[in-house]
Each structure stands twice: as structure tokens, then as C-alpha cells.
Amino acid sequence: MSSVIVVGSQWGDEGKGKVTDYLAEDSGVIVRYQGGNNAGHTVSIGDKVYKLHLIPSGIFHGNKTCVLGNGMVIDPKSLIEELEYLKNHGITSFELIISDRAHVIMPYHKVIDEMEEQEKGDKKIGTTGKGIGPCYMDKASRVGVRMGDLVDEEELEDKVRWAVEKKNELLKDVYGADGFDSESVIQEYKKYAEKLKPFIKDASVFLEQAYNRGEEILFEGAQGTLLDLDHGTYPYVTASNPVTGGACVGAGAPPHLINSVVGVVKAYSTRVGDGPFPSELTGEIGDQIREKGKEYGTTTGRPRRVGWLDTVILNYSRRINGFNHIALTLLDVLSEFDTIKICVAYKYRGETIEHFPASQKILSECEPVFEELPGWKEDISQIQDWDELPDAAKSYIKRIEDLTSVPVSIVSYGPRRSQTKIRNKIKNK
């Protein structure tokens with residue numbers, strides 16, 4: 001039995017959904033352990049493209065158990081809509097388990113999210129407005145509503161009445177916004193509870209039993225390392241921990257259960273929202289990459305900022321997460337350039353920096369130190385074998401391995417499952 005974690009190594013949007021879908025064929029259980037519907041995972045199967053926000057991407061293989069862990073914050077309405085979306089596409093042969101310890105996004109969380117972002121003005125962090133941060137704030141303040149409360153009407157009513165009273169004071173007195181009617185909120189969430197009750201269980205008990213049965217377990221992170229609350233580019237971060245350590249806390253799984261960590265690396269860099277971005281491309285090359293890579297947010301539709309690959313970031317992510325493997329994605333997007341660059345260090349006030357700084361003030365002053373490599377101006381999207389890759393593409397991959405000391409074990413060069421090659425064994429692949 002083996003368990004693998006798929007982790008984003010950059011600012012999210014690395015292609016974790018595709019990698020999870022590919023590895024899920026050998027897994028009986030797929031687990032999301034943090035975040036909420038601020039995540040957006042895209043999976044292409046044949047000519048069909050599926051977009052998910054809450055349910056793990058491995059669901060498309062059928063006969064899998066998908067777990068939403070305690071570290072998640074769940075919008076019940078969004079989850080029910082996603083289940084309907086899957087049903088309408090004929091995806092029904094799966095089991096769903098929702099941790100009774102996962103927290104519930106309430107309607108006031110979304111309004112507070114928007115109000116707080118507006119108040120920040122030019123210092124906004126680029127939130128998705130889904131209520132993720134305020135829900136995690138209530139969790140940390142020990143006043144949140146959990147999924148387990150949905151199956152206890154009395155507990156749900158008491159918690160919602162108290163919370164709505166307090167949130168209305170905040171909304172009206174601080175933001176000048178309209179409040180909520182507690183009874184309407186209670187009735188709305190009772191309807192959600194009726195649909196979700198069968199799935200709400202103690203997920204950690206299930207995971208222990210699955211582990212003891214010898215099931216293959218795959219953990220799917222949302223967002224990426226640089227959006228991690230503790231290790232990301234704070235304050236431009238999410239409110240949870242997408243890194244490897246977050247999987248144990250956010251799923252209720254012991255560390256010894258984890259065998260391998262796959263760091264998903266986009267062949268170039270992207271970022272949504274504000275914050276420093278040393279290798280950013282703001283000219284024609286950046287526009288070319290954005291259009292060819294379809295770099296627009298799955299959840300927000302916002303255009304992503306684009307830059308060259310940054311191995312200062314990759315080595316930071318490697319250290320934080322303990323990567324055993326790299327899954328390199330969107331390699332085909334770089335196929336039209338004569339020269340490709342990799343950022344290998346930063347210059348800060350004349351000093352060379354090789355380690356990723358915690359200070360956003362320092363990072364904003366860092367200039368990239370680039371290595372240039374020859375590009376390959378040929379289509380690689382239809383290759384069937386590793387040997388068919390152009391030598392320049394192989395050299396690019398080899399240089400990433402040299403700079404990070406991690407093998408590139410998976411190479412993806414298009415959105416479809418067939419456009420993926422395994423170079424080194426991960427689990428049973």
C-alpha cells in the first residue's frame with residue numbers, strides 16, 4: 001500500500017488536477033485536505049473538459065472514494081451544484097465522504113470577504129470572494145459551523161442564530177451593509193443538510209480503515225506552496241496550508257501514511273492577483289504564453305500574470321514539501337520560442353540571493369538572474385514516446401533536475417490524459 005500527495009509548487013494553477021486524475025487510476029481513495037471552492041481544477045478526457053472546485057479530480061476514473069477532509073471549508077450550495085454537474089455528465093459511480101469536522105461557509109462569510117477586500121483598496125490581496133478567509137477566521141476563533149452541525153438541527157439553529165447576530169453587528173456597524181435574517185439562513189442550510197447528510201462522516205476513521213485494507217490513497221492539494229498561509233508570499237496567500245504538512249492535519253492522517261510527494265511544476269510561472277513576481281514577463285512573450293497556455297482562472301476567469309520558470313521558488317518548495325518527484329506540466333506552451341529562460345537566483349541591492357525571502361518588501365526589489373537555454377520551435381503535443389521530444393526540450397528538463405536535485409518523473413505536454421508520460425515509477429505506474 002502506498003500514499004502519494006500531489007502538491008502545487010508555485011502560486012497554484014500548475015495542473016494538479018490533471019496529475020491527480022492521471023495518478024488516480026491506481027488509487028482507491030482520493031482526498032482533498034484544505035481550501036474550498038476557491039480552487040479550480042480542470043481535467044480533459046478525450047474531447048470533454050471538466051472543471052471542479054471541491055470534489056477531487058480523481059473522481060473521473062469511477063468506483064473511487066472521494067474524501068473532503070476536515071481541513072476544508074465547504075460551501076454546501078456549491079458542493080450540491082457540483083454533484084449535480086457530475087450527475088448531468090454521467091459521473092455517478094463514486095462514493096463521497098465529507099468530514100464532519102470540515103467547516104461550513106455561510107452567506108455572511110462571502111459578504112464579509114467582499115467588504116474586507118474593498119476596504120483594503122490598493123492593498124487588496126486578490127481574494128476570490130468565496131468567503132474562504134472569513135470562514136477560516138471563524139474556525140480559528142472557535143465560533144464556526146462544522147459539517148457535523150448540519151446533522152444536528154438544534155446545534156445548527158443555536159450556532160446560526162448566535163453567529164448571525166454577531167455578523168450583523170459587524171456588517172452594519174463597520175461596513176454599512178445589510179445584515180441577514182437568521183431564520184432564513186437556518187431554513188436554507190437545513191435544505192442543504194438534507195441532501196448532504198448521507199455523506200457526512202468521520203473521515204479519519206475511514207482513512208485508517210482504508211489504509212489497513214491496503215488501499216492506495218492519493219491526497220490532492222489545492223492552490224500552491226506560495227499561497228500557503230505560513231510558507232507563502234504573505235499576506236498574498238490563502239487561509240489554509242496547501243503544503244505537504246497540511247495533508248496530515250487537514251485529512252486526519254498520520255505522517256507515516258505518506259510515501260511519496262509529487263511537486264507539480266508548471267514549465268513557466270503564473271500568478272493571480274497582487275504581490276511581487278521576480279520573473280514576471282509583461283511584454284509580448286508574456287502575452288504569447290498567456291494565450292497559448294489559456295492562462296485565465298478556472299474559478300475567477302481573471303487573466304494570470306506570466307513569467308519564466310523560477311528555481312529559487314522551486315527549491316524553496318522542495319525544501320518545505322520534501323518532493324520525491326516533479327510533475328512538469330504545460331511543456332508544450334514553450335514550443336514556439338527560440339530562447340527559454342530560467343530564473344536561478346535574485347539580485348537584491350547588489351547581493352546575489354539564492355534562497356526565497358520571507359519579506360515581500362525585499363522580494364519586490366529582487367531582480368531575476370536568468371540562465372538562457374535554446375528553445376524548440378516544433379510541436380510536441382502529439383509525441384508518443386520520450387525519445388520523440390526535441391533535444392532542447394530534454395535539456396530543459398535535465399536542467400530543472402540539476403537545479404532542484406529532484407527527478408522530473410512526469411511530463412505533461414497537453415491537456416489530455418494521453419499527453420502525459422511517466423519517466424520514473426510513482427506508486428504502480
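Keep in mind that glycine also has a Cβ here, set from the backbone N, Cα and C atoms.
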Which of these, Thr127, Thr128, Thr311, does Swiss-Prot list as part of the IMP site with Asp13, Glu14, Gly15, Lys16, Asn38, Ala39, Gly40, His41, Arg142, Gln223, Thr238, Arg302?
Thr128
Of the binding-site residues Asn38, Thr42, Leu331, the one whose Cα sits nearest to the Cα of Asp13 (active site, proton acceptor) is Thr42
For a quick check of understanding: among the binding-site residues Asn38, Thr42, Thr128, Thr300, which residue's Cβ has the most other Cβ atoms within 10 Å?
Asn38
For Arg302 (IMP binding site), the same-chain residues 6+ apart in sequence with C-beta under 8 angstroms from its C-beta are Val272, Gly273, Tyr296
Report the nearest neighbour of Gly301 (substrate binding site) in space among the binding-site residues Gly40, Gln223, Tyr413, comparing Cα positions.
Gly40
